[in-house]
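Here is the structure we will look at, set down as structure tokens.
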Amino acid sequence: MTSDSIENLSTESRTFAPSPEFTAQANAQAGLYGEADKDRLAFWDQQAEALIWEKKWDKTLEWESPYAKWFVGGKLNTTVSALDRHVTEGHGGRIAFHFEGEPGDTRTISYAQLLTDVSKAANALTSIGINAGDRVAIYMPLIPEAVVAMLACARIGAIHSVVFGGFSADALLSRIQDADAKLVITADGGFRKGAAFALKPAVDEALKGETNVAQVLVVQRTGQETAWVEGRDLWWHDVVDPQHSTHTPEYFDSEHPLFILYTSGTTAKPKGIFHTTAGYLTQVAYTHKVVFDIKPKTDVYWCTADVGWITGHSYMVYGPLINGATQVIYEGTPDTPHKGRMFEIIEKYGVTILYTAPTLIRTWMKWGDEFPNQFNLSSLRLLGSVGEPINPEAWIWYRHVIGGGNCPIVDTWWQTETGAIMISPLPGVTATKPGSAMKPIPGISAKVVDDKGVPVPNGHGGFLILDQPWPSMLRGVWGEDERYKETYWSRFPGIYFAGDGAKLDEDGAIWLMGRVDDVMNVSGHRISTTEVESALVSHEAVAEAAVVGAADPLTGQGIVAFVILRGGVEHADGDVLIKELRNHVAKEIGAIAKPRQIMVVNELPKTRSGKIMRRLLKDVAENRAVGDATTLADPNVMKLISEGLKSSKDED
Ligand code: PRX
């Protein structure tokens, strides 16, 4: 890609300045940028004061590219900052979570209650032999115990690795193995789309593989029949409920690992992104305060992400709890039992701040305005978006139909690797443009550069890079130091390359243009093309597979696969086979990775060196005339593919 290979197709001239009333009460004022620029490290020192420290740090930053240590020499316990302090400060009665189960069951959990729950769970983990530094896999539905489990790990210094409950047994196994987890915390199941789904069988299946998991702690959520391995499986209520309700925290080093979270890369093997304690907590708390303008006494904040993703970690668990926010968590799907469910929840709890993803906003748009219009959404005062570029049309719809035309929208750009928000408007300061994440938040340095690493002028596009270390940056890829250096720090030596293309408009606002590598973004979730290809090839009928992310009006990108079948192998034909392959991918990786479409082809377009030219397949998948194919080893191939298409559309 050259610096201007990303076309500037749309220009957006509308801007939306915050109202004077919003600005007057905003946590972050315009002066924050200057303050951070004056002395970046002193600025971060000041933000770190939001945490409760057992021992203050000696040095703000030690930076030996690409290794950072923040708040060096400090000691703290994550949950003291997130829980104990609120109780000590007299806010134990404040609601931490309004939990709404999909079947309609509810729970109200105060900060004091949450501290008790976490203390009991921490005692329970210790009682079954979990120590600081041990890895614990958490594979749960979106219920309060998932949050309690994460915080209990943090309390005793164990490292959690949350695996999204929609992932398959195989995906779970590879993550358990990679982190060498000792314990799995799961549930019998959860509720989704109006029915109970099972989770425990996937754990049982995964643990048939080779692991060092000695115990499985199972929360009873659905009450469904659950197979049991005596000596290994323990009910959460049997182990946690009888524990002492207080727990004396231990204090850990600033750089003590807090969690591992797996994300897709350009190879089939997921990357264990790991984050440490003080820097991560500082930046999630700071961004949650300035970007979401949280007022803990009056706001009701709802981040719709699952705990299985980084957004759930940073903006449902750690950031909001440190700031003492009152939150909503909802277990289920947006259309159960009706398409107005989420709007009903906003009305019911008086949600003031909503943080969600473009894919859901587009789904709501598709369903129609009548669903949000049936409910009173006037409590909302701020809206957020994350996970993929939000198209201006969806942005405007979000502003008007959900926000009633008077809520600032913060389009927040960040990644699993960055740990916290990096580029976003400040809601009381920035005049926003629909579709732009605008500029780096105070304290963060991001640039758009050409292929030589030179910053591009306004009006041009290139690669998005981060040229200064930041507190919540990943500290590595678990157990794969070379991969860490190679993936993030080699494209421009010594500089973090985020993998995204971006452009600067005439005013210098940043517009994200999607990933430049072979990683797709489906409903805001990163899925590597290679991982889906490997899953397809692991089916006996498939000889070779190539996968591309094709533009999709609902999910941002949809997965389109091209497969070559193996000769001489008995297999189903036509639609039956395609269905089987789609299900096979779901089994290998999880339902989110199911291809939208699979085309059986005889050949794949390859260069003379054997590299698949995904660009051409993308043209086919997006129903475009096929682009320049002159470097193909066999120029006829694209004609054959276009003629030989045999496709199956997604029926789910
Ligand atoms: O491509 C960018 C896109 O999502 C990627 C990060 O994915 P993940 O690590 O799963 O984290 C998602 C939640 C933070 C980025 O490299 N992305 C995320 N937010 C935005 C975005 N693209 C455009 N605009 C955003 N606001």
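Every residue gets a Cβ built from N, Cα and C, even glycine.
TrEMBL: automatically predicted annotations, no manual curation.
Remark: Ala195 (CoA binding site) has no non-local neighbours by Cβ distance under 8 Å and separation of at least 6 in sequence. If you look up TrEMBL, you'll see Arg192, Lys193, Gly194, Ala195, Thr311, Ser523 marked as CoA binding site.
Residues or ranges marked as ATP binding site in TrEMBL: Gly387, Glu388, Pro389, Asp411, Thr412, Trp413, Trp414, Gln415, Thr416, Asp500, Arg515, Arg526. Around the Cβ of Gly387 (ATP binding site), the same chain contributes Thr311, Ala357, Pro358, Thr359, Asn521, Ser523, Gly524, His525, each under 8 angstroms and 6 or more positions distant in sequence.
Cβ environment of Val537 (Mg(2+) binding site): Ala543, Glu544, Ala545 lie under 8 Å away, each six or more residues apart in the same chain. The Mg(2+) binding site annotation in TrEMBL covers Val537, His539, Val542.
Per TrEMBL, the feature domain 'Acetyl-coenzyme A synthetase N-terminal' maps to 32-81.
Positions annotated as domain 'AMP-dependent synthetase/ligase' by TrEMBL: 88-476.
The helix, strand and coil residue counts that DSSP assigns across the domain 'AMP-binding enzyme C-terminal' (531-611) are 25 helix, 28 strand, 28 coil. Feature annotation from TrEMBL assigns domain 'AMP-binding enzyme C-terminal' to 531-611.
Residues or ranges marked as N6-acetyllysine in TrEMBL: Lys611. A sphere of 10 angstroms centred on the C-beta of Lys611 (N6-acetyllysine) encloses 11 other C-beta atoms.
Here TrEMBL flags 1-21 as region 'Disordered'.
Not one of the recorded positions listed as Arg192, Lys193, Gly194, Ser523, Val542, Lys611 brings a Cβ under 6 Å of any atom of ligand 1.
Sequence-distant neighbours of His539 (Mg(2+) binding site) (same chain, 6+ residues apart, CB-CB distance under 8 A): Glu580, Leu581, His584. Taking all protein chains in view, 19 other C-beta atoms sit within 10 angstroms of the C-beta of Thr416 (ATP binding site). Taking CA atoms as the reference points, Arg515 (ATP binding site) and Lys193 (CoA binding site) are 31 Å apart.
For the binding-site residues given as Arg192, Lys193, Arg515, the lowest number of other CB atoms within 10 Å of the residue's CB is seen at Lys193.
Here the CA atom of Lys193 (CoA binding site) lies 29 Å from the CA atom of Thr412 (ATP binding site).
Summary: among the binding-site residues (Thr311, Thr412, Ser523), the fewest other C-beta atoms within 10 A of the C-beta are counted at Ser523. Across the structure, Pro389 (ATP binding site) and Val542 (Mg(2+) binding site) place their CA atoms 34 angstrom apart. Each residue contributes its Cα atom, and for Thr416 (ATP binding site) and Lys193 (CoA binding site) these two points are 27 Å apart.
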